[in-house]
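Enquirer: Structure in structure tokens, see below.
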Amino acid sequence: VGNYKRTVKRIDDGHRLCNDLMNCIHERARIEKGYAQQLTEWAKRWKQLVEKGPQYGTVERAWCAFMSEAEKVSELHLEVKGSLMNEDFEKIKNWQKEAFHKQMMGGFKETKEAEDGFRKAQKPWAKKLKEVEAAKKAYHAACKEEKLAISRETNSKADPALNPEQLKKLQDKVERSKQDVLKTKEKYEKSLKELDNATPQYMENMEQVFEQCQQFEEKRLRFFREVLLEVQKHLDLSNVASYKNIYRELEQNIKTADAVEDLRWFRANQGPGMSMNWPQFEEWSADLNRTLSRREKKKASDGVTLTGINQTGDQVSQPNKHSSSVSVQSNTVQSVQSSYNPFEDEEDTGSTVSEKEDNKIKNVSSYEKNQSYPTDWSDEESNNPFSSTDANGDTNPFDEDSPPTMEVRVRALYDYEGQEQDELSFKAGDELTKMENEDEQGWCKGRLDNGQVGLYPANYVEPIQ
């Protein structure tokens with residue numbers, strides 16, 4: 001009696017499992033979106049670097065094909081994210097709403113119907129079972145009393161102090177206890193027989209209600225299987241024709257890279273085959289003289305810079321004035337370049353990943369393909385060998401705009417145990433303060449009531465209305 005509670009609880013578990021499956025799909029969708037955004041940012045940044053860098057010709061096009069591949073794959077992963085949320089997530093949400101109906105007093109209609117069905121089917125049999133238990137108790141008590149009476153009668157026969165009247169009373173007591181045993185035994189056997197007769201009908205009624213619960217659960221299990229198959233189709237890019245075409249096109253672009261063609265192009269445009277501008281006799285012109293004077297004056301006022309130390313114009317005529325500054329800045333550049341090791345493990349240094357990536361990008365190439373070179377020259381060995389041009393500028397592509405600070409009270413929907421030192425731990429129902437909005441990976445920054453500040457999954461909480 002009452003063991004049907006497990007079957008009834010399964011209905012409530014089904015509703016909660018729908019929520020769990022939706023959360024699972026939601027988190028995967030956020031991962032797909034974050035990956036797509038990272039691919040797009042990576043492709044945009046490196047496409048600019050390659051286009052500005054010294055690589056040229058067919059190999060440049062082959063290199064840029066990787067960025068095109070990333071952009072196309074990013075679009076596919078955004079489509080996966082859209083399918084997970086717009087189709088699978090919504091399908092589970094709508095099915096849950098149709099399958100489970102909340103009551104005004106709490107709980108679900110389906111749960112109450114199953115509870116009432118089991119209780120109604122079990123009530124007659126449970127009543128007879130209660131009668132059997134009472135009859136058994138009465139029978140066992142009569143047997144105990146009979147045994148006690150017989151024991152007293154046996155002991156009285158050995159006691160000479162008892163008169164015949166007292167002995168007769170004990171004998172009567174034994175006789176009555178025997179009759180009580182017979183009556184209670186008969187009643188006990190009768191109630192057991194009635195219970196046995198009622199058992200088949202009881203089993204039939206209980207099984208009927210149980211089958212209804214089984215059918216309800218079967219719908220949920222079949223629906224989950226159907227949804228999971230659809231999720232699998234949305235995640236499986238190997239069967240998407242456009243996905244295969246992306247890598248087929250990438251392979252073709254790489255195979256079109258031709259070293260001979262690139263060397264021929266470089267020879268014709270940057271080598272011996274380029275058009276020459278041989279020096280020719282030029283007449284003196286007053287306008288030309290003024291132009292040259294202004295140019296030389298501008299170069300003299302600019303001074304020496306890290307990115308291009310060129311000794312031209314007045315600098316050649318004044319070697320002592322700038323010699324000390326040139327040597328100091330050269331040493332500075334040496335120290336900057338030697339301080340970064342691109343093969344160094346990230347965990348062995350105190351710098352952050354963004355700082356390392358920023359350094360890597362700045363050291364991609366020593367010059368840009370469209371970089372202009374000074375036409376002035378000198379026989380003196382005083383030029384700075386460390387002169388270079390930053391291909392990426394001074395901006396850090398990994399810096400993100402920090403969101404505006406806004407504090408909102410939220411309530412935890414589920415238990416969460418922090419996996420890292422900078423993550424918060426809380427129980428379902430706990431309240432905390434959200435300090436920063438959700439980032440691209442789906443994390444929020446918050447503060448517990450005890451003052452602890454850390455990160456937590458955004459979809460584990462809801463705003464307090």
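Every residue, even glycine, has its Cβ placed from backbone N, Cα and C.
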Enquirer: Any idea which of 103-134, 167-198 is down as coiled coil in TrEMBL?
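Expert: So the range that TrEMBL calls coiled coil is 167-198.
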Enquirer: Count the residues of the domain 'SH3' (405-465) that DSSP assigns to helix (H, G, I), to strand (E, B) and to coil, and report the three numbers in that order.
Expert: 3 helix, 27 strand, 31 coil
Enquirer: I'd like to know the mean pLDDT over the coiled coil (167-198).
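Expert: A mean pLDDT of 88 is what the predicted model shows over the coiled coil (167-198).
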